[in-house]
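So the structure is just underneath, and the comments pick up after that.
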């Protein structure tokens, strides 16, 4: 283990000693000092690992003045330290933390939500956190918590959703309206939108999730807005969610998706999207056609044909005009790329690379 600087080592030792003394004032002071020491130092998080059990015991004491300092110290100990995350859960911190989600003290609820967000980043902890009943309470926080608590709750739920057994629990809590509400109000290029769209993509893999999204006013539109203005990862999740819906029941979900003006964003993704989002965008464009399977197989679909078919079915001049403009720009980009490709091929076959055949160029040597 990396040695601490003398001053830091002394501060660590003193904090651990104060934590063991049966004096409420000193224990609170120790928790605050541990929080300070571990705020930015990975080394201190390792050296203060033995503080975890005493801090967790402070969460269990029926003395509210203990709770916030101990919670914040544990939160900092868990940041970017997988071993500490697991040890905090093993020490029994989940029960009091989850109870704090129901606290009338908004600060305590906020700190507990942030702590669960950090602990839920550990794959080992995901099933344990859900087994302790955290998911319904996190959804309640997503509905009624402070602005920061809502953000941390949706991120914690996103972390937990990567464990397959947890998705059904999230669905049962009817979380979709609150996820959509947060997505509608946040900046579409933010990390929050990324987590919301990731959650939505996972949830629409189930019929209950698809029904919940389309039943929520502005739900599909919020996903389309992320597809247009989100980060590259958010756009992947957004197009993935819409594609999952259309593939599950094209007749049911084609119109709700088209109605929200998805075509321009999809066209852009086919050209400028990530390697994952480009094929999804093309497949979704095909599914959004009025008759995606009517064209004979011997006549391959071109993107232009697909888009023209879609445009002909869209009501409204603005939507059609915007889509046609995007298509023209896309074709222009495609032509420029083809021209560059031809130029590169031409450069490869320069005269200097051609074989020289001359009967007078041969020189004999002895």
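Cβ coordinates are placed from backbone N, Cα and C, and glycine is handled just like the others.
Where the annotation comes from TrEMBL, it is an automatic prediction and has not been curated.
Worth saying up front: this structure is predicted, and the values here are computed from it rather than measured.
Annotated features in TrEMBL:
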DOMAIN    26-291  domain 'U-box'
REPEAT    50-92  repeat 'ARM'
REPEAT    92-134  repeat 'ARM'
REPEAT    133-175  repeat 'ARM'
REPEAT    174-218  repeat 'ARM'
Do you know the DSSP helix, strand and coil residue counts for the repeat 'ARM' (92-134)?
28 helix, 0 strand, 15 coil
How many of the residues that make up the repeat 'ARM' (174-218) does DSSP mark as helix, as strand and as coil?
32 helix, 0 strand, 13 coil
